[in-house]
Every structure is written in C-alpha cells, then in structure tokens.
C-alpha cells in the first residue's frame, strides 16, 4: 500500500546508479557490463520485507554484491531473477540470475552473485510458481556516457532504505530509522512496526526543559494509515494526558492534539512515503531540525544527545465532530507500548538485525462467507493488489479488492458473478489462474469455469460447496486472465453451521446470525472489518436502543456487556443487568465475533431492560457500530463509535431474511386509505342508513344501505389485494392481519345471509322464528364487523409505526380517533332523536293505522329490473290504509 503510485514509480524508475567518475581499473576486467565500481542501487520492497543495496563487486570479477540484505523466507522456487522489465510478461519470460535459494530468512546479509553474460535490465527477486515479484532494481545497460548526466541526476535511494536504525520497543517490533541531512537542516525519519493497520506509531522529542522524561509538552509525529490504506504523518503537541479536546468559547485546546488545531500552529512534518507490507507498517517523513516554531515544536540539535519518546496504540478515525485522527491511550506497559530513548542523530548505528516478522502477514481485507448471503463478484482497477505484478483490472468481492475469502466446509458458498463477460470465475488449486493448462501446468478446478460470467443486468449465480477433500488453501481466479483473484481459506464449519439464519446488516460491514427456540434466541455478530469493539443494537438507531457491546480487554479476554442508550454522549450509555448466557467473544486479525443467548421475554419487572422483548413474529430493527476502544468501567466520549450503520435493517426472525428500513411504500398507503374509506365511511354509513333513514318514501333507505355495503366490501377487497401484491404474499402473523381477516369474514357474511333471508310477514302477522333469528344474526354480525374493522384500522396504524417508524403515524392515529369519536357522537345524536320520536308517537291517544311503515325488503336489488321477490308481499305493501276511529265507543 504505497503512498502514491506515481511517487513509487518515480522511485522504481530512478534506482539507476550510474558511475559519475572514470571507470575503475577492476571494472574494465569484466566484459559483461559497463557499470563502474561506484555503481550502487537499492532494491525496492514489494513483498517479504526486502531490503538491500546492489553494487558491482569491488574485486574486479563479474559479480554483483548485495549488502544489508533483508528478506523473509520465501518458497523454494524463489530466485534472483533476470528480466527485461517488471511486467508479468517480462518476468514470466525471464530466467534465474543466480541458483541461490531464497527459502530462508536473510538478516543484514552480504551476498555475491556472479554472472557470465551481460547484465539484464532488471534484477528481481521472483517466485515463478506464484508469479510473485518481491522487489527489484533496474540496471543500466549502457555506458556512463550513454546514460548521461540527466539519468545520474534522477538517481534516488529506495524510500525503504535509511542510514541508521534502532529498535524502540523491548520486543523489537517497533523500529526507528533515520537519515540525517545536516547541511539542509533536515532529518528523514522512518517509523516501522509489526502492528495492525488500525494502530498508530508516534515518535518525537521530549521537552528539553523537563527535569525528567515526560510526554507533556512533547513534540511528536503521529503516523499511520487511514481506513482506505492511505499513509499519513501529522505533527502533534501534547499538553495533557487526554484525548484532544477542542476549545469551546474561551476554553483552550488541550490533550494530544494536532498542531494545526491551534490558532498559530501548523503541520511541520512532510509525508514522503508509506506502505503496508507483510503485516508491517512503514511511514517515512521529513522534518526540519529547527522549524522556528518555538511554541509547539522542539528544536533538534544535529549533534546533541536528546530525549525522545515513542508510543504505539489504536487510532480513532475522524468523525463528524473531528476531522483529524486521534491516538488512543497506548494502554500497555512501558518499553512495550511506549518509552523514552536518548538519541544522537549524528551517530551512525544499525542495530536492526533482519526484517520484521509479523505474526499476521495478510493485509488484505477479509470476507467470511456464510450459507445464504451471496458474494457479489465484480471487477475494477487494481489499487492495492497483494501479489505484484498484476493486471490493471482485478476481482472485487462485495466491493473489496481481491479480499482473502474464508469459507467453511459443508457450507454452500453462493457467488453472484457480475464482473463482465471477459471474467469467468473459477475456484482452482493454481495460485495464478488464467487456465493453468496454457502454461503446461496442472490444476484442480473445484467450481466455476467458462460459463461463470455475467454482468449487473444478468448476473450469473455460482454455488460452490467445499467438502472434506477441499484443501485448506485454494484460489478464486479468472479463467481468461492471470492473477485477478486471491486466496480462499477453507476451514471446518463455524457460525454458519451453528446458526439457522444469517443476514448482512447495513453497509455489509456486520453479519448477524441467530437461531430461535421456544422461549429464547441465540445471537452472533461478526464484523467484516478491523475494530476495537463491535456493537449491535435493537432499535431505529443507537440512541434509544438496547445495545450489546463486545471487545477484547487489555488482558486479552473477550467481553460482552449490555446497555441501554438514550443519548449521544457517554452519559447516555447505561449498563444493564440483562440475562445473557453462553457468552463468547474473540478477535481474529482485528475482526471481532461475539455470541450470546437471551430469553425472548425477560423474566423481570421494574428495570429498563425488562422492556427489551423480542417478538419473533415482528420484524426486529438492528443497527451496528464500531470504534477504536471500549471500557467496561468508566466510559468517555473517546469510546464513541467511529463508524456506524446508516440505517436500521429489519430482520424477519421467522423468515430468516432482512430488508432495509425504508419510507412508507405508496401502495401500502393506498391500502390504508381504501380500508379507511371502507370501514370508516361506507360500511358504517350503510348501517346508519338502515337504522335512521326509514322515514324516506319507498325503499330509498334500502337502496342506500345495500349500495354502501357492497361498495365498502368491494373497496375492502381491492385494499387487501394491493397489500398482498406489495408484500409478495399473505401472512397472518401480525395482530393487524388477524383482525383484518376476521373483519373481512364478518363483512362477507352480510351479503350471504341477505341472500337467504326469510320472507317478511304480512301486516298483522307474527314474524316466523327463522325471520327473527335472521334479523338478530344480521344485526349482530354487521355491527360486530364494524367494531372489528375499526380495531383493524387502529392496529394497522400501530403496525405502520413499528414497520416504518413514520413520523406522521401518531398524528394519523389521533386523526382516526377523532373521526371515530365524531361518528359515535353523530350516532348518539341520531339515536336520541329516534328514541324521542318513538316516545312522542306512543303518547297519542287513539289508534292511527297507517299501514306498514316498516322496511319493504321485497325488492331484490341484485336483480337488474328490481322486480319483486314475492308478489303477495309486493301487493301487500302497495296500498296505504288510513282508518279513523272515534275516541270513545
């Protein structure tokens, strides 16, 4: 991971050391080169911590001398290699320059490499089995006069090479390298450590006025790498043993802060180069010995022995409040994570014996495949391919460049290949790929092949099932071009085998696993990137959520704690005593995985965690967060997350799937409006027409009643179809749907029993028993349907608020309540008038016989011509008889 590809190209192309003096007498005795005795060039470092300086042998023989040679052990096939250039084709067409094997570690070694033919243009350290270039040096193939002075002027040393080196930490995993340029008044410093990419390296000069070594008032540079892999080196000033606190109002800036946050401060360190190789960080920067900033910088004497300090620790990335990186407390013992050293820059010293050997040399991002989540395979330009040389375009999986893929035996791995029709994915035993048979090599193909290609519009699905015979290491590659993919680690079954369901949470940075039982749920969460802690929360955001935080303590023990969070600061994080069992937490290469089991319904009362109830029938909203460090005791704002999910994911626990939180779908809004029209207006209006409009002439009330009821039922069915189509199914799991189904059945029962109603008795006749039972059934089921329908409307509003967290749900619910209350008031008013009318009618003395004033239900409104169902019933209602009788007889 170089600082800048053009800068690296400049270094690589400028490693030509031509002789500026006259050819030495000894050099003329070698007929195979025009190099002079003072030729010198540094090897570039691409892999295996390669360092060294190449010269022509001083004894006049045809040999190259390699001094200060460092190299981590390579494979038995690796050799010094002669080639015309650094490209894949040039290296593949090259030859071994020396038979010397490179399968051992070299520590500050001196080598002599004889040659009996003209020198190549490029001398590389190359492994033909894996097509790996560990590093190389360009050799001029002309005379000094042919090279010209311009070529000589462009010569520079490799950015990984320095004049001096000392170990800083007692474990010798952190080194200081430097080259002093006293005439220019500068010093180039290299900080090198075998640490993870999430760690910082700090180095600087202590306050010379202090009586004892201390970090207060020290002038340090904090170096490291951003989350995108870009190196940085920033000038910091230490005013207090705290994280940087920016001044507010009249309060000053304090803590470990960048110089540039001060009103009169600036960054006096200049980044030169940086990379991550083999699990080792290297950052090179230059600073002036005296920057003339007496307030925040310490002037350095070139020949003075001065007190310097160093530290390593985790780095907190910038956030919305702070735009700079903040080093966290080193959190370890002296001489291991921090310390003090007396240093004289003018002394020549090289106490660094051999290359740094990191425990974890794999710097590529990792992806752990699981059973159900497809891995999206695309292609894009190569930026930090781990095994140079490489083609311009490489394979990306889930938007990560050539990641290390980890799979489990017995767990199907699903690929969605969208890399283009010129990239055919296959799983192979060959580390280079590109169809090994074309290189007269044999390979075992485990999945994929010529047909495994696709594009975004028509992706190709490829399923691979690693079994017990699959080796521990295979490769995903393209069949048509070499070295587009990377490694696949095959391990025995893990989380995907232990849990029934898994989903990727928002931004594909955390995977959630779970298994349900009768009264509990087992949950596991795994980060997909390096972090100091991992947290998942149940809620629409981290604020107002029940959160589970996992981290590795300073003692190396994993921990999981539960919290209720009601604010955005440390004061809003409240530990809870939730009952979680079977707790496990581990960190593998900085990636945290934790597991626990908890009851679906906590068996407690009176505590905030008692409300943390999980209903498997209701979608569970899950969010996540990551940060640099966590503490189980005293939390501060430094423990706040540096990255979090942008929105919650709704996890369907019973269905084993998830969907992103989103705004209310328009079709569901139409569903709700239709149901309100049906159950809030039409169906209640039909019932009110039958109850209060019988005073209308003829059968007007009856027509209004029937038309309103049938219109309401039709709109209700349309609303159900809209919802079922949008949700891609009909699920009777929620309370809302259960009430809705019951209301639908009661509503459908009304036109059915109306179809089979018994005949109405003639005037003066006693209604039949069937007629009385039918009337009771018709009235009770109709009014019950209205009540159940209104309940379904309110449960629908509640379901809407829980599903979409809409800001307008509460207002809509109040509006619906006002509407229902208004209808109830109207009904009570009409009922009062009806009772009053009937009571006044009974108060009249004498007998008025006005004929039949009850409903005339003989008209079949379902028939197109409205003909009578029964002629006898029809004729009996066709005449109104008024009979007047005297008051006394």
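Heads up, the Cβ atoms here are built off N, Cα and C, so glycines get one too.
Here is what TrEMBL records for this protein:
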DOMAIN    37-140  domain 'DM13'
DOMAIN    635-837  domain 'Cytochrome b561'
REGION    857-889  region 'Disordered'
SIGNAL    1-21  signal peptide
TRANSMEM  668-692  transmembrane segment
TRANSMEM  704-724  transmembrane segment
TRANSMEM  730-752  transmembrane segment
TRANSMEM  773-794  transmembrane segment
TRANSMEM  814-832  transmembrane segment
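Here the transmembrane segment (773-794) has long-range neighbours at 675-676, 678-680, 683-684, 687, 736, 739-740, 742-743, 746-747, 749-750, 753-754, 757-758, 767, 813, 816, 820, meaning same-chain residues at least 6 beyond its ends whose C-beta is under 8 angstroms from one of its own. Outside the transmembrane segment (814-832) by six or more residues, the chain places 676, 680, 684, 688, 691-692, 790, 793-794, 797 with a CB less than 8 A from a CB of the stretch. In this model, the domain 'Cytochrome b561' (635-837) carries an average pLDDT of 80. The domain 'DM13' (37-140): residue composition by secondary structure is 5 helix, 47 strand, 52 coil, according to DSSP.
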